[in-house]
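Take a look at the structure set out below.
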Amino acid sequence: MRDTPAHGSRAGLGSARSGWGRNHSSLGLLPAWTPPSVLRAPERHAAVRVHPSRVSPHLPVAGGSEQGGGLQPARGLQSALRGVPGCCDPAAERAVGSMAGRRARWLSGPGLLALSTLGVCMMLPVSAKRPPKTPPCPPSCSCTRDTAFCVDSKAVPKNLPSEVISLLLNSNKFTLIGDSAFTGLSHLQYLFIENNDIWALSKFTFRGLKSLTHLSLANNNLQMLPRDIFRPLDILSDLDLRGNSLNCDCKVKWLVEWLAHTNTTVAPIYCASPPRFQEHKVQDLPLREFDCITTDFVLYQTLPFPAVSAEPFLYSSDLYLALAQPGASACTILKWDYVERQLRDFDRIPAPSAVHCKPMVVDNQLYVIAAQLFGGSYIYHWDPNTTRFTKLQDIDPQRVRKPNDLEAFRIDGDWYFAVADSSKAGATSLYRWHQNGFYSHQALHAWHRDTDLEFVDGEGKPRLIVSSSSQAPVIYQWSRSQKQFVAQGEVTQVPDAQAVKHFRAGRDSYLCLSRYIGDSKILRWEGARFSEVQALPSRGSLALQPFLVGGRRYLALGSDFSFTQIYQWDDGRQKFVRFQELAVQAPRAFCYMPAGDAQLLLAPSFKGQTLVYRHVVVDLSA
């Protein structure tokens with residue numbers, strides 16, 4: 001018995017493949033003469049006849065031997081077929097041998113038997129071999145399976161191949177790139193957005209690009225970058241921002257901080273503006289040069305009624321606000337709702353011509369002094385058992401005829417309140433709490449049309465300053481031996497004043513005085529007298545209030561003829577500078593009220609609604 005060596009058969013098969021190039025179908029696997037029935041019914045492959053004219057002269061013919069009365073396929077042919085897809089498993093070899101034995105009579109020789117067998121095997125992988133599908137590609141782009149290059153696009157192209165790992169967007173027409181512009185490109189590693197006229201990117205432009213390692217935004221027109229724009233790029237290793245017009249103001253501060261801590265390699269970038277930073281390397285900018293925190297007063301709540309005074313107070317751990325409402329004939333008490341973060345109605349005290357409602361908490365008892373222009377003034381007490389205010393006592397109408405302001409304070413453990421009387425016949429008077437009521441203690445200033453009071457407790461010397469519309473403000477100092485106020489002098493720099501308030505800045509004490517005709521004044525105490533440091537235009541001003549919020553000092557200055565001006569104190573210049581304008585009509589008072597984490601400024605208005613503003617801190621680098 002003679003067998004053809006297996007390696008000889010494999011060599012012959014290789015030659016046959018090279019010689020079949022002209023006679024195969026478009027798939028390169030089937031002979032061109034394969035009948036349609038074969039393609040439709042693969043289960044009948046064993047009955048296929050191979051036309052002799054289609055046999056390549058280069059096809060090797062395997063020898064065989066006659067044993068058992070039949071023609072047996074040579075083992076060399078079986079070895080050769082193992083190199084053909086679909087003919088390498090034992091089941092295929094057994095099918096070849098069986099078919100050869102049963103159909104040998106169809107052929108005129110052993111060579112055609114081998115050809116028939118090989119044809120069957122070549123038909124097996126027809127369904128597995130298909131040409132690669134062409135990836136989708138936008139009209140303005142050229143794409144391969146893993147690369148896309150786009151030019152002259154009007155927007156970031158959509159429907160790019162999802163397997164793209166490199167994307168080039170050069171010389172395009174779009175100027176903005178919005179949120180999630182590269183959705184679906186999760187395999188993208190290289191992104192080059194260069195030589196365009198892009199001037200703005202969204203904060204979430206690069207969202208979803210978890211595989212991105214190289215990013216270039218070179219040679220665009222970017223003046224700023226949104227804060228944390230690179231945060232989604234977890235494995236970014238290289239970044240190029242050169243060739244942009246970066247404005248190195250507060251909007252770039254975050255980038256300076258990021259560059260100092262990132263592991264990403266970033267080519268040197270330079271500032272185009274402002275002039276003081278022009279041509280400076282962004283990486284080298286000192287963070288102390290960025291003053292990016294500012295503040296603002298924003299309208300927080302509108303109380304739909306006029307009012308002429310506002311006094312916040314704490315009672316039983318709750319925050320309240322007392323408002324004088326002459327139009328509603330009441331002292332209105334509001335309570336702060338810590339859940340809703342709003343002022344809510346709580347109670348009302350009858351007061352037909354209220355000009356000031358002054359709350360006082362003495363020995364854990366709540367009292368409200370309702371000062372009225374007509375009909376006398378009264379003191380009310382809150383009864384927690386009946387949960388209502390009840391009248392406690394009257395204020396002598398012969399002594400206090402036309403009250404305009406009240407001031408409450410404590411000296412050496414005793415509680416007092418003073419009433420500024422603005423009539424010609426009345427007198428500004430002092431009252432003292434004793435056991436179960438307030439009693440007249442001292443007549444301070446008679447017949448001078450007093451308008452406002454300010455208690456100052458500095459250097460261990462309590463003082464009371466009384467402003468008047470008919471003379472210069474008068475300063476009283478407390479005498480501990482007499483237990484009374486003694487006149488100390490006048491503030492001669494101001495001939496008249498509608499309101500007087502004080503504040504401290506550093507070691508210095510200041511007075512703020514508003515005037516209805518003329519400029520309002522800021523005065524500094526020099527140890528023995530006051531000296532003027534600033535004049536503020538304020539025609540028609542009846543109210544002003546300095547206040548401190550988180551280390552920042554402000555001054556609210558109202559007017560009957562223009563909007564309210566908010567000034568901020570400049571420590572370097574030791575003066576107030578104009579900060580903001582509030583649309584408050586005819587304010588009669590200003591009141592600062594901290595409510596939890598909300599810092600509020602209340603502006604009661606005589607002609608309009610009472611407005612509540614919130615102080616907010618703004619980070620310009622965000």
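Glycine too: its Cβ is placed from the backbone N, Cα and C atoms.
Given the structure is predicted, the values throughout are model-derived calculations rather than measurements.
Among the features that TrEMBL reports, region 'Disordered' is placed at 1-20 (among others).
Taken from TrEMBL, the feature region 'Disordered' covers 55-76 (among others).
For 244-293, the entry in TrEMBL reads domain 'LRRCT'.
If one looks beyond the repeat 'EAR' (296-338) by at least 6 residues along the same chain, the residues whose Cβ comes under 8 Å of a Cβ in the stretch are 344-359, 361, 366, 368, 370-371, 373, 380, 382, 566, 580, 582, 588-589, 591, 593, 595-596, 598, 600-602, 604-616, 618. Under the heading repeat 'EAR', TrEMBL lists 296-338 (among others).
Looking just at the repeat 'EAR' (342-384), the mean pLDDT is 96. Taken from TrEMBL, the feature repeat 'EAR' applies to 342-384 (among others).
Per TrEMBL, repeat 'EAR' is recorded for 388-435 (among others).
Sequence annotations record features per position, and here TrEMBL assigns repeat 'EAR' to 437-480 (among others).
Among the features that TrEMBL reports, repeat 'EAR' is placed at 484-527 (among others). Remote same-chain residues near the repeat 'EAR' (484-527) are listed as 430, 441-442, 444, 451-454, 456, 458, 463-478, 533-546, 548, 553, 555, 557-558, 569, 571, 574-576 (criterion: CB distance under 8 Å, separation of at least six residues from the stretch ends).
Among the features that TrEMBL reports, repeat 'EAR' is placed at 529-571 (among others).
Residues or ranges marked as repeat 'EAR' in TrEMBL: 575-617 (among others). For the repeat 'EAR' (575-617), the residues of the chain that approach it from at least six positions outside its boundaries are 293-312, 319, 321, 323-324, 336, 338, 341, 343, 522, 533-534, 536, 542-545, 547-550, 554-556, 558, 560, 563-569, judged by C-beta separation under 8 angstroms.
For the repeat 'EAR' (575-617), the DSSP-based tally of helix, strand and coil residues reads 0 helix, 29 strand, 14 coil. Taking DSSP states H, G and I as helix and E and B as strand, the domain 'LRRCT' (244-293) has 21 helix, 10 strand, 19 coil.
Below 8 angstroms of C-beta separation, residues 295, 297, 489, 491, 493, 498-499, 501-503, 505-506, 510-523, 577-584, 586-592, 599, 601, 603, 615, 617 of the same chain, each at least six residues beyond the ends of the repeat 'EAR' (529-571), sit close to that stretch. For the repeat 'EAR' (437-480), DSSP puts the residue distribution at 0 helix, 33 strand, 11 coil.
Look at the repeat 'EAR' (296-338): DSSP puts its residues at 3 helix, 31 strand, 9 coil. With DSSP classes pooled into helix, strand and coil, the tally for the repeat 'EAR' (529-571) is 0 helix, 26 strand, 17 coil.
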